[in-house]
Amino acid sequence: MFGGLPGGVHSDVLNVPIPETEEKKIRLVEEIKSRGRSSFSTGNFPEAEVLYGKGIEVMPDAILYANRALARLNLGKLAESVEDSEAAISLDPNYVKGYWRKGQGLVAMGDHKGALVVFEKGLKIEPANKALKKEVDKTRAKVEQQGLFDDGPPPISPATKAEKRAEKKVSSKSSSSSKSQAKASSAPPSTPTRDEEEDAAMLSKSDHVRGYKITKDGKKTSFFTHEQTEEEKALIGDIAPKRIDNAAAAATPAALKNEKGVSSWNSAGTWEEKDLSKWADESMRQKLDKIEYSGGGIKVNTTKVKLEEASASVATVRGKRRFLYEFVVVMSWEAEVEGTGGTGKGSLVFNDVAPDCDGEFEAEIKIEETDGEGTKNIRERVKGDRNSYREKVEEKMNEWAEEFVKMYS
């Protein structure tokens, strides 16, 4: 039994009664979101589904519905995933991830045309979203490939293709047979020469019984000996051995692989990896330095960027490149509440920044101190899933990943 069921490790939040005050509800939902992200990162989708469901019960919002939609998508509950996405859009029509999740669900259900409409609606809300733009282009290509546009021709089924191939083969055989018959009937009878008549007479006596025949040069040979016609010789061409020159050697597979950046010793194209960790450390620091955020009456500034782990490499395997990286990032920040003078400071920790995170990185917030009025909203403005300091940091991390691939492709 997984931990998300009542009685498991999450029973303290799953079995607790719904709080009466708004502040306690917010705290409970924040804890549920944190545990849900943790369950999702470990691939425990049933547990994540239960946790997000509890959060919706306590305080339904677009983020919780979108998160549960993704969990259900991974569980194969496609119709329920689409329903959750629609609920997210209904609660917040400007929440782009709601459209994204619905589009993903429709794609999984095979409704690429419907998914394209949904992705395009999301892109209208956030035209600068590069990831969503890629989904639009990919889905549109799929729609065009399947011929699903109204003005496109109907798709040809595999059965229809097979029938056409069979008809083509029968037609080809019939045509070839009729041509052969026509050629045979139209050819004039040839008059045998005297030598041919003598050869025929010789064979008619006894040689045909023993399996001999006369070749064109007058020699007697086995009946099964085959002489190549001029047409056959032309088809075979010159098959004599030829010397390999430098130009031909340059076109060998090993030479071609070397041109793609594989080391000369690695002519077989096996695993080869180039370490770029030093560059990754410097470039990621520059990308994250001086990030600022302002929203919800709170300003957040970056005071320090610390990379507890920074590694990156490009691996080449049989001509294909893989872009690998892994970071542990600590973003130190200071916050100021506009109008009240309230302040706060702390850190935002990203323990796993890697290609398999799909551009969304789990974060842990640490608030060291707060002072003054209005500071209770600092947590949401720093760590929230959208319109937050965390979202700004994730955008810069994804920009770095795109530049990494472009630079070393």
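From the backbone N, Cα and C atoms, a Cβ is placed for every residue, glycine too.
No curator has checked TrEMBL annotations; they are predicted automatically.
Listed in TrEMBL:
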- 161-170: compositional bias 'Basic and acidic residues' (COMPBIAS)
- 172-188: compositional bias 'Low complexity' (COMPBIAS)
- 273-409: domain 'Activator of Hsp90 ATPase AHSA1-like N-terminal' (DOMAIN)
- 144-206: region 'Disordered' (REGION)
- 62-95: repeat 'TPR' (REPEAT)
- 96-129: repeat 'TPR' (REPEAT)
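If you average pLDDT over the repeat 'TPR' (96-129) in this model, you get 90.
Sequence-distant contacts of the repeat 'TPR' (62-95), counting only residues of its own chain at least 6 positions beyond either end whose CB sits under 8 Å from a CB of the stretch, comprise 29, 33, 36-37, 40, 45-46, 48-49, 52-53, 55-56, 101-102, 104-106, 108-109, 125, 385-386.
Per DSSP, the secondary structure of the domain 'Activator of Hsp90 ATPase AHSA1-like N-terminal' (273-409) breaks down as 43 helix, 65 strand, 29 coil.
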